[in-house]
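Visitor: First, the structure itself, so that you have it in front of you.
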Amino acid sequence: MNTSSPDLAVSDNADQNRFELRLNGDLVGILGYYDFERAPSPNPPVVDFMHTVIVEDFGHRGLAAVLVGGSLDLARSRGWRVRPVCTYVQRFLSSHENYRDVVVALEPPRTEPKRTETQRTEPQRKENRRRQPQRKMPARKA
């Protein structure tokens, strides 16, 4: 009877901008991140967690939670702040309050105010002219 537990490890592959989950040495999942704020700053760096992927054959085993939890632990140990762009990371955080200190809130999507006719670009004005019905000119008398 085999009673050994699987060897799970989360590591940072900084060259690829991702955390990797390995099961018994085999890569089974990644969490891609992006650091928009690389410039030196007195504030901790904010890193966006973009996307979580688990190899299909290893799905539905709780490995995504292991990957996200391990990634958040590594981020915390480095003094990073995390912006959870990935919807799986967002769901994970909603039930794991112990990571609240690491999380930066997502900014609401920016909406542009509606442009007035004077603010529209030339291609937009041309498109609007094409949409307007053409008026027929009265015939000239000879």
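Any Cβ shown, glycine's included, is placed from N, Cα and C.
According to TrEMBL, the feature compositional bias 'Basic and acidic residues' maps to 109-126. For 127-142, the entry in TrEMBL reads compositional bias 'Basic residues'. Annotated domain 'N-acetyltransferase' per TrEMBL: 11-104, in sequence order. Taken from TrEMBL, the feature region 'Disordered' covers 104-142.
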Visitor: Residue counts in helix (H, G, I), strand (E, B) and coil for the domain 'N-acetyltransferase' (11-104), per DSSP?
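Guide: Helix/strand/coil tally for the domain 'N-acetyltransferase' (11-104): 35 helix, 33 strand, 26 coil.
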Visitor: Between 0 and 100, where does the mean pLDDT of the domain 'N-acetyltransferase' (11-104) sit?
Guide: 93
